[in-house]
(Lines of atoms letter the chains of each structure in order from A and count residues from 1; the text may use other names and numbers.)
(Lines give C-alpha, C1' and ligand atoms only; values in the text may rest on other atoms or scores of the structure.)
Protein backbone atom coordinates (compact mmCIF):
# COMPACT_ATOMS: atom_id res chain seq x y z
CA UNK A 1 0.00 0.00 0.00
CA UNK A 2 1.25 3.48 -0.85
CA UNK A 3 2.21 5.42 2.24
CA UNK A 4 3.28 9.03 2.45
CA UNK A 5 4.81 10.83 5.37
CA UNK A 6 2.24 13.12 6.97
CA UNK A 7 3.20 16.78 6.70
CA UNK A 8 0.75 18.34 9.12
CA UNK A 9 2.81 21.42 9.92
CA UNK A 10 4.49 23.46 7.21
CA UNK A 11 7.40 25.82 7.74
CA UNK A 12 7.05 29.57 7.38
CA UNK A 13 9.36 29.56 4.33
CA UNK A 14 7.20 27.01 2.50
CA UNK A 15 4.04 28.95 3.35
CA UNK A 16 5.60 32.19 2.11
CA UNK A 17 6.78 30.58 -1.14
CA UNK A 18 3.35 29.02 -1.72
CA UNK A 19 1.58 32.31 -0.98
CA UNK A 20 3.87 34.16 -3.41
CA UNK A 21 3.31 31.53 -6.13
CA UNK A 22 -0.46 31.58 -5.55
CA UNK A 23 -0.57 35.38 -5.73
CA UNK A 24 1.51 35.31 -8.94
CA UNK A 25 -0.74 32.69 -10.55
CA UNK A 26 -3.81 34.62 -9.42
CA UNK A 27 -2.45 37.85 -10.93
CA UNK A 28 -1.55 36.19 -14.24
CA UNK A 29 -4.91 34.44 -14.39
CA UNK A 30 -6.85 37.61 -13.63
CA UNK A 31 -4.77 39.57 -16.17
CA UNK A 32 -5.32 37.14 -19.06
CA UNK A 33 -9.02 36.56 -18.37
CA UNK A 34 -9.69 40.26 -17.84
CA UNK A 35 -7.88 41.03 -21.09
CA UNK A 36 -10.07 38.57 -23.04
CA UNK A 37 -13.19 39.95 -21.38
CA UNK A 38 -12.34 43.62 -21.93
CA UNK A 39 -11.40 43.18 -25.61
CA UNK A 40 -14.77 41.59 -26.37
CA UNK A 41 -16.70 43.85 -23.99
CA UNK A 42 -15.22 46.94 -25.68
CA UNK A 43 -16.63 45.71 -28.99
CA UNK A 44 -20.03 45.48 -27.30
CA UNK A 45 -19.65 49.04 -26.00
CA UNK A 46 -18.81 50.24 -29.53
CA UNK A 47 -21.92 48.34 -30.72
CA UNK A 48 -19.85 46.07 -32.91
CA UNK A 49 -21.37 42.62 -33.41
CA UNK A 50 -19.58 39.81 -31.58
CA UNK A 51 -18.85 36.62 -33.46
CA UNK A 52 -19.95 33.30 -31.99
CA UNK A 53 -16.35 32.56 -31.01
CA UNK A 54 -16.04 35.92 -29.24
CA UNK A 55 -19.30 35.29 -27.38
CA UNK A 56 -18.01 31.95 -26.09
CA UNK A 57 -14.65 33.45 -25.11
CA UNK A 58 -16.45 36.26 -23.25
CA UNK A 59 -18.46 33.74 -21.23
CA UNK A 60 -15.44 31.50 -20.68
CA UNK A 61 -13.33 34.40 -19.38
CA UNK A 62 -15.96 35.23 -16.74
CA UNK A 63 -16.11 31.61 -15.64
CA UNK A 64 -12.33 31.36 -15.40
CA UNK A 65 -12.18 34.59 -13.38
CA UNK A 66 -14.44 32.98 -10.78
CA UNK A 67 -12.34 29.80 -10.96
CA UNK A 68 -9.13 31.69 -10.18
CA UNK A 69 -10.81 33.49 -7.29
CA UNK A 70 -11.91 30.17 -5.76
CA UNK A 71 -8.43 28.68 -6.18
CA UNK A 72 -6.86 31.68 -4.47
CA UNK A 73 -9.34 31.29 -1.59
CA UNK A 74 -8.37 27.61 -1.47
CA UNK A 75 -4.69 28.54 -1.23
CA UNK A 76 -5.42 31.14 1.46
CA UNK A 77 -7.44 28.57 3.41
CA UNK A 78 -4.59 26.06 3.21
CA UNK A 79 -2.04 28.55 4.51
CA UNK A 80 -3.88 30.18 7.37
CA UNK A 81 -7.01 28.23 8.35
CA UNK A 82 -6.57 24.59 7.40
CA UNK A 83 -5.74 22.15 10.20
CA UNK A 84 -4.59 18.83 8.76
CA UNK A 85 -5.64 16.95 11.90
CA UNK A 86 -9.20 18.05 11.09
CA UNK A 87 -8.94 18.77 7.33
CA UNK A 88 -12.58 18.86 6.30
CA UNK A 89 -13.90 22.12 7.65
CA UNK A 90 -17.21 23.23 6.16
CA UNK A 91 -15.60 26.29 4.57
CA UNK A 92 -13.01 24.18 2.76
CA UNK A 93 -15.64 21.73 1.54
CA UNK A 94 -17.72 24.59 0.13
CA UNK A 95 -14.70 26.06 -1.71
CA UNK A 96 -13.86 22.67 -3.26
CA UNK A 97 -17.45 22.02 -4.35
CA UNK A 98 -17.78 25.50 -5.87
CA UNK A 99 -14.53 24.92 -7.74
CA UNK A 100 -15.89 21.63 -9.13
CA UNK A 101 -19.10 23.33 -10.25
CA UNK A 102 -17.27 26.28 -11.87
CA UNK A 103 -14.82 23.94 -13.56
CA UNK A 104 -17.71 21.94 -15.00
CA UNK A 105 -19.31 25.15 -16.35
CA UNK A 106 -16.00 26.03 -18.01
CA UNK A 107 -15.89 22.55 -19.55
CA UNK A 108 -19.35 23.07 -21.06
CA UNK A 109 -18.27 26.39 -22.58
CA UNK A 110 -15.10 24.88 -24.01
CA UNK A 111 -17.20 22.05 -25.47
CA UNK A 112 -19.36 24.68 -27.18
CA UNK A 113 -16.15 26.19 -28.59
CA UNK A 114 -15.01 22.83 -29.94
CA UNK A 115 -18.42 22.23 -31.57
CA UNK A 116 -18.19 25.67 -33.17
CA UNK A 117 -14.73 24.85 -34.54
CA UNK A 118 -16.13 21.66 -36.07
CA UNK A 119 -19.05 23.46 -37.70
CA UNK A 120 -16.84 26.22 -39.15
CA UNK A 121 -13.77 24.27 -40.30
CA UNK A 122 -14.88 20.81 -41.35
CA UNK A 123 -16.50 20.35 -44.75
CA UNK A 124 -19.08 17.61 -44.26
CA UNK A 125 -20.32 15.49 -47.15
CA UNK A 126 -23.35 13.89 -45.48
CA UNK A 127 -26.63 15.83 -45.50
CA UNK A 128 -27.41 15.21 -41.82
CA UNK A 129 -23.96 16.37 -40.75
CA UNK A 130 -24.27 19.47 -42.93
CA UNK A 131 -27.58 20.34 -41.30
CA UNK A 132 -26.10 19.72 -37.84
CA UNK A 133 -23.08 21.94 -38.58
CA UNK A 134 -25.35 24.69 -39.88
CA UNK A 135 -27.54 24.39 -36.77
CA UNK A 136 -24.51 24.70 -34.47
CA UNK A 137 -23.29 27.82 -36.30
CA UNK A 138 -26.70 29.48 -35.96
CA UNK A 139 -27.55 28.37 -32.43
CA UNK A 140 -24.43 29.30 -30.45
CA UNK A 141 -26.32 31.77 -28.15
CA UNK A 142 -28.91 29.08 -27.48
CA UNK A 143 -26.14 26.57 -26.83
CA UNK A 144 -24.56 28.93 -24.31
CA UNK A 145 -27.91 29.49 -22.65
CA UNK A 146 -28.49 25.73 -22.52
CA UNK A 147 -25.04 25.18 -21.01
CA UNK A 148 -25.75 27.85 -18.38
CA UNK A 149 -29.17 26.36 -17.57
CA UNK A 150 -27.75 22.83 -17.33
CA UNK A 151 -24.89 24.05 -15.13
CA UNK A 152 -27.35 25.92 -12.91
CA UNK A 153 -29.54 22.84 -12.52
CA UNK A 154 -26.48 20.72 -11.70
CA UNK A 155 -25.35 23.37 -9.21
CA UNK A 156 -28.69 23.24 -7.40
CA UNK A 157 -28.59 19.44 -7.34
CA UNK A 158 -24.98 19.33 -6.12
CA UNK A 159 -25.47 21.97 -3.44
CA UNK A 160 -28.72 20.42 -2.26
CA UNK A 161 -27.11 16.99 -2.05
CA UNK A 162 -23.99 18.42 -0.42
CA UNK A 163 -25.78 20.43 2.27
CA UNK A 164 -28.20 17.59 3.00
CA UNK A 165 -25.26 15.27 3.63
CA UNK A 166 -23.45 17.98 5.59
CA UNK A 167 -26.55 18.46 7.72
CA UNK A 168 -26.80 14.71 8.24
CA UNK A 169 -23.15 14.59 9.29
CA UNK A 170 -23.62 17.52 11.69
CA UNK A 171 -26.67 15.86 13.26
CA UNK A 172 -24.73 12.61 13.65
CA UNK A 173 -21.89 14.46 15.37
CA UNK A 174 -24.36 15.91 17.89
CA UNK A 175 -25.89 12.51 18.65
CA UNK A 176 -22.63 10.53 18.82
CA UNK A 177 -19.55 11.04 20.97
CA UNK A 178 -17.15 8.95 18.89
CA UNK A 179 -14.90 11.59 17.29
CA UNK A 180 -13.11 9.14 14.99
CA UNK A 181 -16.41 7.72 13.72
CA UNK A 182 -17.73 11.25 13.14
CA UNK A 183 -14.66 12.10 11.09
CA UNK A 184 -15.08 8.97 8.98
CA UNK A 185 -18.73 9.85 8.29
CA UNK A 186 -17.73 13.38 7.20
CA UNK A 187 -15.05 11.92 4.92
CA UNK A 188 -17.51 9.48 3.33
CA UNK A 189 -20.03 12.27 2.75
CA UNK A 190 -17.38 14.47 1.13
CA UNK A 191 -16.15 11.58 -1.03
CA UNK A 192 -19.70 10.95 -2.22
CA UNK A 193 -20.32 14.63 -3.06
CA UNK A 194 -16.94 14.94 -4.80
CA UNK A 195 -17.47 11.86 -6.99
CA UNK A 196 -21.09 12.84 -7.67
CA UNK A 197 -19.98 16.27 -8.88
CA UNK A 198 -17.16 14.77 -10.96
CA UNK A 199 -19.59 12.45 -12.79
CA UNK A 200 -21.52 15.51 -13.98
CA UNK A 201 -18.52 16.42 -16.15
CA UNK A 202 -18.73 13.18 -18.14
CA UNK A 203 -21.33 14.31 -20.77
CA UNK A 204 -19.52 17.53 -21.83
CA UNK A 205 -16.17 15.74 -21.73
CA UNK A 206 -17.45 13.00 -24.08
CA UNK A 207 -18.83 15.65 -26.46
CA UNK A 208 -15.47 17.39 -26.36
CA UNK A 209 -13.64 14.16 -27.18
CA UNK A 210 -16.01 13.44 -30.08
CA UNK A 211 -15.62 16.92 -31.60
CA UNK A 212 -11.83 16.81 -31.20
CA UNK A 213 -11.72 13.36 -32.80
CA UNK A 214 -13.81 14.59 -35.73
CA UNK A 215 -11.37 17.46 -36.23
CA UNK A 216 -8.40 15.09 -36.20
CA UNK A 217 -10.06 12.81 -38.78
CA UNK A 218 -10.92 15.85 -40.92
CA UNK A 219 -7.33 17.11 -40.72
CA UNK A 220 -5.98 13.73 -41.84
CA UNK A 221 -8.44 13.57 -44.73
CA UNK A 222 -7.59 17.13 -45.78
CA UNK A 223 -3.85 16.42 -45.73
CA UNK A 224 -4.30 13.32 -47.89
CA UNK A 225 -6.35 15.37 -50.35
CA UNK A 226 -3.65 18.03 -50.51
CA UNK A 227 -0.94 15.44 -51.16
CA UNK A 228 -2.97 13.99 -54.01
CA UNK A 229 -3.28 17.45 -55.55
CA UNK A 230 -0.74 20.27 -55.49
CA UNK A 231 1.42 21.01 -52.47
CA UNK A 232 0.40 24.41 -51.21
CA UNK A 233 2.45 25.56 -48.24
CA UNK A 234 -0.06 28.31 -47.44
CA UNK A 235 -3.39 26.53 -47.15
CA UNK A 236 -5.97 28.48 -45.09
CA UNK A 237 -8.03 25.37 -44.34
CA UNK A 238 -4.98 23.46 -43.11
CA UNK A 239 -3.93 26.39 -40.90
CA UNK A 240 -7.44 26.63 -39.46
CA UNK A 241 -7.39 22.89 -38.66
CA UNK A 242 -4.03 23.17 -36.93
CA UNK A 243 -4.99 26.23 -34.87
CA UNK A 244 -8.24 24.65 -33.74
CA UNK A 245 -6.56 21.36 -32.83
CA UNK A 246 -3.77 23.18 -30.98
CA UNK A 247 -6.36 24.87 -28.79
CA UNK A 248 -8.49 21.75 -28.27
CA UNK A 249 -5.66 19.31 -27.60
CA UNK A 250 -3.92 21.74 -25.24
CA UNK A 251 -7.16 22.15 -23.28
CA UNK A 252 -7.64 18.37 -23.21
CA UNK A 253 -4.16 17.82 -21.78
CA UNK A 254 -4.53 20.64 -19.26
CA UNK A 255 -8.00 19.46 -18.23
CA UNK A 256 -6.77 15.89 -17.65
CA UNK A 257 -3.84 17.23 -15.61
CA UNK A 258 -6.14 19.45 -13.52
CA UNK A 259 -8.63 16.65 -12.86
CA UNK A 260 -5.80 14.27 -11.87
CA UNK A 261 -4.41 16.94 -9.52
CA UNK A 262 -7.88 17.46 -8.00
CA UNK A 263 -8.40 13.71 -7.52
CA UNK A 264 -4.93 13.25 -6.02
CA UNK A 265 -5.41 16.17 -3.63
CA UNK A 266 -8.36 14.44 -1.92
CA UNK A 267 -6.44 11.44 -0.50
CA UNK A 268 -3.44 13.70 0.14
CA UNK A 269 -5.69 15.86 2.28
CA UNK A 270 -7.83 13.31 4.09
CA UNK A 271 -5.83 10.06 4.21
CA UNK A 272 -2.16 11.04 4.19
CA UNK A 273 -2.50 14.55 5.70
CA UNK A 274 0.27 15.79 3.42
CA UNK A 275 -0.17 19.53 3.27
CA UNK A 276 2.76 20.18 0.92
CA UNK A 277 1.32 17.70 -1.59
CA UNK A 278 -2.05 19.47 -1.46
CA UNK A 279 -0.30 22.82 -2.05
CA UNK A 280 1.43 21.43 -5.15
CA UNK A 281 -1.92 20.18 -6.50
CA UNK A 282 -3.54 23.59 -5.92
CA UNK A 283 -0.62 25.25 -7.72
CA UNK A 284 -1.13 22.94 -10.72
CA UNK A 285 -4.88 23.65 -10.72
CA UNK A 286 -4.23 27.41 -10.82
CA UNK A 287 -1.63 27.16 -13.61
CA UNK A 288 -3.72 25.15 -16.10
CA UNK A 289 -6.42 27.80 -16.91
CA UNK A 290 -3.79 30.52 -17.38
CA UNK A 291 -1.80 28.39 -19.84
CA UNK A 292 -4.95 27.64 -21.84
CA UNK A 293 -5.90 31.34 -21.86
CA UNK A 294 -2.48 32.21 -23.32
CA UNK A 295 -3.00 29.59 -26.05
CA UNK A 296 -6.46 30.99 -26.82
CA UNK A 297 -5.04 34.51 -27.12
CA UNK A 298 -2.26 33.36 -29.45
CA UNK A 299 -4.77 31.53 -31.67
CA UNK A 300 -7.33 34.35 -31.93
CA UNK A 301 -6.62 37.04 -34.53
CA UNK A 302 -8.52 39.82 -32.74
CA UNK A 303 -6.87 39.12 -29.39
CA UNK A 304 -3.44 38.96 -31.03
CA UNK A 305 -4.01 42.35 -32.65
CA UNK A 306 -5.04 43.79 -29.28
CA UNK A 307 -1.85 42.43 -27.68
CA UNK A 308 0.26 43.89 -30.50
CA UNK A 309 -1.48 47.27 -30.10
CA UNK A 310 -0.79 47.31 -26.36
CA UNK A 311 2.86 46.31 -26.89
CA UNK A 312 3.33 49.03 -29.52
CA UNK A 313 1.77 51.61 -27.20
CA UNK A 314 4.08 50.54 -24.35
CA UNK A 315 7.08 50.60 -26.67
CA UNK A 316 6.25 54.09 -27.96
CA UNK A 317 5.65 55.38 -24.42
CA UNK A 318 9.01 54.03 -23.27
CA UNK A 319 10.71 55.57 -26.31
CA UNK A 320 9.15 58.98 -25.63
CA UNK A 321 10.31 58.83 -22.00
CA UNK A 322 13.80 57.77 -23.05
CA UNK A 323 14.01 60.65 -25.55
CA UNK A 324 12.78 63.08 -22.94
CA UNK A 325 15.45 61.97 -20.47
CA UNK A 326 18.15 62.10 -23.14
CA UNK A 327 17.18 65.66 -24.09
CA UNK A 328 16.17 67.61 -20.97
CA UNK A 329 15.46 70.70 -23.10
CA UNK A 330 12.33 68.99 -24.44
CA UNK A 331 9.34 70.90 -23.03
CA UNK A 332 7.12 69.01 -20.66
CA UNK A 333 3.60 69.09 -22.12
CA UNK A 334 2.07 67.98 -18.87
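The backbone N, Cα and C atoms fix where each Cβ goes, glycine too.
Summarising the annotation, TrEMBL assigns transmembrane segment to 20-43 (among others).
Here TrEMBL flags 55-80 (among others) as transmembrane segment.
Among the features that TrEMBL reports, transmembrane segment is placed at 92-119 (among others).
What TrEMBL lists as transmembrane segment is 140-160 (among others).
Sequence-distant contacts of the transmembrane segment (190-219) (same chain, six or more residues past either end, CB-CB distance under 8 Å): 88, 93, 96-97, 100-101, 103-104, 107-108, 110-111, 114-115, 117-118, 121-123, 147, 154, 158, 161-162, 165, 238, 241-242, 244-245, 248-249, 252, 255, 259, 263, 266, 270. The annotation transmembrane segment is assigned in TrEMBL to 190-219 (among others).
Beyond its flanks by at least six residues, the transmembrane segment (248-270) meets 4, 84, 87-88, 99-100, 103, 107, 110, 114, 117, 187, 190-191, 194, 198, 201, 205, 208-209, 211-212, 215, 277-278, 281-282, 284-285, 288-289, 291-292, 295 of its own chain at Cβ-Cβ distances under 8 Å. According to TrEMBL, the feature transmembrane segment maps to 248-270 (among others).
Annotation comment: TrEMBL describes 276-297 (among others) as transmembrane segment.
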